[in-house]
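Data first, discussion second: the structure below is written as structure tokens.
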Amino acid sequence: MGTIHLFRKPQRSFFGKLLQEFRLVAADRRSWKILLFGAINLTCTGFLLMWCSSTNSIALTAYTYLTIFDLFSLITCLVSYWVMMRKPSPAYSFGFERLEVLAVFASTVLAQLGALFILKESAERFLEQPEIHTGRLLVGTFVALSFNLFTMLSIRNKPFAYVSEAASTSWLQEHVADLSRSLCGIIPGLSSIFLPRMNPFVLIDLAGAFALCITYMLIEINNYFAVDTASAIAIALMTFGTMYPMSVYSGKVLLQTTPPHVIGQLDKLIREVSTLDGVLEVRNEHFWTLGFGSLAGSVHVRIRRDANEQMVLAHVTNRLYTLVSTLTVQIFKDDWIRPALLSGPVAANVLNFTDHHVIPMPPLKGTDDSNPVTSTPTKPSSPPPEFSFNTPGKNVSPVILLNTQTRPYGLGLNHGHAPYSSVLNQGLGVPGIGATQGFRTGFTNIPSRYGTNNRIGQPRP
């Protein structure tokens, strides 16, 4: 019977563990500002959804989805603070940095799904355009714009700030950059404002508000309700185009790929490591992105037998640590050159295979220090046998070795005449011509037909 625990601790549910971690984050004063903005975001989102229903404007609904995306960005910021508080565990030896990447990926994908929903609703509205009420359309636009800009500029969101700079530019940023260059050519003083790469979130907030203002004016002047649907499609396309590069970048990080902009630097460092003193070969190198701005990697280094392991390890780590923050280096020492062994077809003039033995070699290392599997000194830091280099495998052909020890003819294994006269063409296997001596190969189980025959006229021992 197993051990009976009288006072077993109750297992917490998923929501209980989530509440415990939320309390851990809420105890930090840095998260109070984020929680305050989150509460304001929920209030503004509730009012905006009511105004979307009263105005019947799908363009305002598409712009409200950007406010919901701001809520996701605040949650991502809380996750970032939680990752900073948590330490690596045995189950997660690399830490919890990938949760930031997962939060960014989920937020951008949800924003793109919202944009696709707006496109689907807009396609239905083109068939039957409803009437749009402009009572709270302009008010909702300025409320959403003010809150979005205030949130993006007040909260330092490290994950999204890194992704917005590292990901490729969206088509909206490229078009705005072209317009900025043309404008700065006319007014050079604006180059410090428009020429740097604009924040994609601020850019889409301003572009969406501009589209809603045009919608309001056209509906008020000409009662042109179809412009609301056109503005919704424009906002959805801008949202999708802005979020897509970020989702692609964060998805590649989740797939543990190597960033393209560091591949050349890593190749240069690997070549430098291969030229270090004592290093014979660098193999099985693998580098991937662990989190935003942090690389992890592993590499196997084969060194000379007389090289200092600690010195080589220090030099390799010093070279690669400039790019790879989490590095695993496995050091292997080169094997001694083994003596050449006879393998393959046997010459016809070899008559007695029992006169072969293993060539005696002087001991190179003590038997206590060697590993019989790999012929490598056994030490606590040595690799397992399956990782040793140039280790004979199980596919080695049988080996016949010289042996000076003589064996008597006929060991009582008389099973009749041996059927291999076609192999030895010198008459050794034919009765009456000569004695056929026993064979000893690298195999331990000798078939019964490889027996011995008696000499003619010689009594058996």
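A Cβ is built for glycine as well, from the same backbone N, Cα and C atoms used for every other residue.
The membrane topology recorded in Swiss-Prot keeps Val25 and Ala161 together on one side. The list of residues near the transmembrane segment (34-54) in space but at least 6 beyond its ends in sequence, with Cβ under 8 angstroms from a Cβ of it, reads 26, 60-61, 64, 67-68, 70-71, 74-75, 77-78, 81, 133, 135-137, 139-140, 143-144, 147, 151, 154-155. In this model, the topological domain 'Cytoplasmic' (86-98) carries an average pLDDT of 77. Beyond the topological domain 'Cytoplasmic' (156-200), the same-chain residues lying 6 or more positions past its ends with a Cβ under 8 Å from any Cβ of the stretch are 73-74, 76-77, 79-80, 100-101, 103-104, 207, 238, 241-242, 244-246, 248-250, 292-293. When the topological domain 'Cytoplasmic' (156-200) is classified with DSSP, helix, strand and coil residues number 33 helix, 0 strand, 12 coil. Below 8 angstroms of C-beta separation, residues 33-34, 37, 40-41, 44, 47-48, 51-52, 54-55, 57, 60, 63-64, 66-67, 70, 73-74, 77, 199, 201-202, 205-206, 208-209, 212-213, 215-216, 219 of the same chain, each at least six residues beyond the ends of the transmembrane segment (135-155), sit close to that stretch.
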